[in-house]
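Trainee: Okay, so TrEMBL annotates it like this:
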{"type": "DOMAIN", "residues": "23-288", "note": "domain 'NADH:quinone oxidoreductase/Mrp antiporter transmembrane'"}
{"type": "TRANSMEM", "residues": "57-81", "note": "transmembrane segment"}
{"type": "TRANSMEM", "residues": "93-115", "note": "transmembrane segment"}
{"type": "TRANSMEM", "residues": "148-166", "note": "transmembrane segment"}
{"type": "TRANSMEM", "residues": "178-196", "note": "transmembrane segment"}
{"type": "TRANSMEM", "residues": "202-222", "note": "transmembrane segment"}
{"type": "TRANSMEM", "residues": "234-254", "note": "transmembrane segment"}
{"type": "TRANSMEM", "residues": "274-294", "note": "transmembrane segment"}
{"type": "DOMAIN", "residues": "290-343", "note": "domain 'NADH dehydrogenase subunit 2 C-terminal'"}
{"type": "TRANSMEM", "residues": "324-347", "note": "transmembrane segment"}
């Protein structure tokens, strides 16, 4: 892709998200979401592969549907309540409609079916943008409208996302689909706290972005997209294979890695709010997610592939990319748990 076009598209991505962040009017927020969608579509389709074109088409249709639902909810709220302000989405019908539309745009279960298919069809770098940056604008709107949404709807979206995010990843061999289901599960943890403790949502979002960035950058570095190629990664990059295991276990939420931090704080907050049953259910769904992370770790460290790999396995990694972002993301994804009190103090 032409560097000038790439720069323009990346600046448009930043503009769309910033516009949604700063908006208090539904039309301005909708405009930011649309700029975001239109800016990432050329990045998704740049390979001109049929699978990439299919993923781009699916993504465009889903995002257009979500944007239309948001516009309909905002105009209905303006018609009933006389308010276009995001912080005055007080009618139960319009707030539920807006939350459903935002759940569709971000990929929450049961409106999640598009996300694994879209991530599977695009490159790892574009998948990184889709899994991190593209979540920010809808999540900002979710956090603003969560106070006007019925808690039962938020809890249903959260628990179904954590359950399906763990369950859907069990039978996958494609790493991008596994990371898509991981994204769905982590979003469930964020949505659960968006009403009662927004600072917990922020902590969970930051740690999710750090861990997902580390996972995508690692897979991009060792050029792995399937479990079978991940199993042979130790022959060409033993250090990266070991770090991959730590990052996957951090995504699963095992102590003493960074991924344990948001789960610990969220379960503690749920228990202190008297929601012991919800805390138990979401902790049990986290165990399902942990199983496929452990399965990947087992494939990397303790097994050889039982069948012939038809993927090209280079004997060493091509040093074509800067590893500064990968180093920072990996350190953050594995070593932040000891500074939990500092993070909690700063954000609360």
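Glycine too: its Cβ is placed from the backbone N, Cα and C atoms.
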Trainee: Sequence-remote contacts (6 or more beyond its ends) of the transmembrane segment (202-222), Cβ cut-off under 8 Å?
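Mentor: Contacts with the transmembrane segment (202-222): 124-125, 127-128, 131-132, 135-136, 139, 175, 179, 182-183, 186-187, 189-190, 193, 230, 233, 236-237, 240-241, 243-244, 247-248, 250-251, 258-259, 261-262, 265-266, 317, 321, 323, 325-326, 329-330, 332-333, 336, 343-344, 347.
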Trainee: For the transmembrane segment (178-196), could you work out the same-chain residues 6 or more beyond its ends whose Cβ comes under 8 Å from its Cβ atoms?
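Mentor: Those are 103, 106-109, 112, 115-116, 118-120, 127, 131, 135, 139, 142-143, 146-147, 149, 151, 154-155, 157-166, 168-169, 172, 204-205, 208, 212, 215-216, 251, 262-263, 266, 269-270, 273, 278, 282, 285-286, 289, 292-293, 296, in sequence order.
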Trainee: Which one of these stretches, 93-115, 148-166, 274-294, 324-347, has the most C-beta pairs shorter than 8 Å to the transmembrane segment (57-81)?
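Mentor: Between the stretches 93-115, 148-166, 274-294, 324-347, 93-115 has the largest tally.
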Trainee: Roughly where does the domain 'NADH dehydrogenase subunit 2 C-terminal' (290-343) sit in mean pLDDT, to the nearest integer?
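Mentor: Within the domain 'NADH dehydrogenase subunit 2 C-terminal' (290-343), the model's average pLDDT equals 74.
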